[in-house]
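K.L.:
TrEMBL feature annotations, pasted as is:
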| type | residues | note |
| --- | --- | --- |
| DOMAIN | 17-81 | domain 'Release factor glutamine methyltransferase N-terminal' |
| DOMAIN | 131-208 | domain 'Methyltransferase small' |
| BINDING | GLY135, THR136, GLY137, SER138, GLY139, ASP158, ASN201 | S-adenosyl-L-methionine binding site |
| BINDING | ASN201, PRO202, PRO203, TYR204 | substrate binding site |
Amino acid sequence: MVPDPSLTIDATLGVVRRQLAAAGIDSAAVDARLLVREAIGASPTDLILCGGEPLGDAAAGRLAELLPQRLAREPMARILGRQEFFGLSFLLSPATLVPRPDTETLVETCLDLVRGGMLAGVGPSGEGLSFADIGTGSGAILVALLHALPGAHGVGIDLSTQALATAEANAAANGVDARCSFVATSYLEGIGGPFDFIVSNPPYIEAGVIDALEPEVAQHEPKLALDGGADGLDAYRAICKAAPSRLKPGGFLAVEIGFDQAETVSQLFDQAGFRDIALHRDLAGRARVVCGRL
Ligand code: GLN
C-alpha cells in the first residue's frame, strides 16, 4: 500500500497494524507504532497527542520506505538502525547481530563476579581490570561492561572489520572509546593478554537449523554470528582451547549458551581445566551462561 498522506495519524496506525498482522507478524501493534513514530519523527507522547492530525506528504513518503522492509520480515531494530541494550543505545550494521535482551544475563554475570570480589585486587569499579570480548559484533557486551566498570579496559575482537567499525562507533557514542581497543582476528589469534576475564556470545546455532529459525533471524541476521557448526559447539571448543593461556591465574571465562547447551558446554569447560564451573539463568529460569575460573 502507498500510505495516504491525508489520513489521520491514528487511522494510519490502524492501517499499518492490520497490514503487519495480515503478514503474520505477532508484534503488529507495537511495530506499527514504532514505524509511524519513525516516519513522522515523533516521540511516544507526540504520537498520542498528534493522533488526529493528517499524516502529511513527508511522513507518508518515509513510511512507504519503512513499511515494506518490515513486511519482508526485516527485524524492527535493523529498520531503525539501532537497539537498546543494558540501558544504552547501539547502532547496528548488516555485519552485527541485533543485541538480545537474553545477553544482558551474560553482562550481569560478569558484573556480579567482578563486584562480588571474584578477582583478587580488583575493586567494584574494575580499576586496573582488563578483559576481552570475543565476537564483539556491535560491541554491546564490551561497551555495556566498560560503561558499568569505569576503571576497566577491554579489547573487542571480531572476524568482521565491518562489525568492528560499528563497535568502535558504539564505544565512542557511549563515551568509553578511550578505554577500549579493537582487533580483527579469529578468536584469540595474535592476542596476548593476560586478561582478568574473557567473555563471549559466540555463534551457537546448529548449522542445519538456521534456515528454520524465524525469518527475522534466518534471513536478516549475519550467518557468521549464528552458525556454530554441525553441533553448534565449534566456537566453544575454539574458545576453551585458546582462553586458558590468555587468562591471569584466578581469571574467569563467561559465555552465553543456547537453552539446551548447559551440560555440553560445562563439560568443555571442565576438560579445558576450568574450575568452579557455574550456570547463570535468565529471567525465565533457563541456564544461558556458563562461567568458570582458572
Ligand atoms: N540467540 C540468538 C538467536 O536467537 C543466537 C545468538 C548466537 O548464536 N550467539 O538467534
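Indices start at 1 and increase along the chain as displayed.
Cβ coordinates come from backbone N, Cα and C, glycine included.
These numbers come from a predicted model, not from an experiment.
Please go over these features one by one and say how buried each is and what sits next to it.
P.N.:
Long-range C-beta contacts of ASN201 (S-adenosyl-L-methionine binding site), restricted to its own chain and to partners at least six residues apart, with a cutoff below 8 Å, comprise THR103, LEU106, GLY135, GLY137, ILE141, VAL255, GLU256.
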K.L.:
Tell me, which binding-site residues from PRO202, PRO203, TYR204 are within 10 Å of THR136 (S-adenosyl-L-methionine binding site) if we use the C-alpha atoms?
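P.N.:
Checking each Cα against THR136 (S-adenosyl-L-methionine binding site), the hits are PRO202.
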K.L.:
Are there residues of the same chain, six or more positions away from GLY139 (S-adenosyl-L-methionine binding site), whose CB falls under 8 angstroms from its CB, and which are they?
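P.N.:
Result: PHE90, ASP133, GLY156, THR166, ALA167, GLU168, ASN170, ALA171.
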K.L.:
Specify the secondary structure state of ASP158 (S-adenosyl-L-methionine binding site) as given by DSSP, simplified to three classes.
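P.N.:
It is in a strand.
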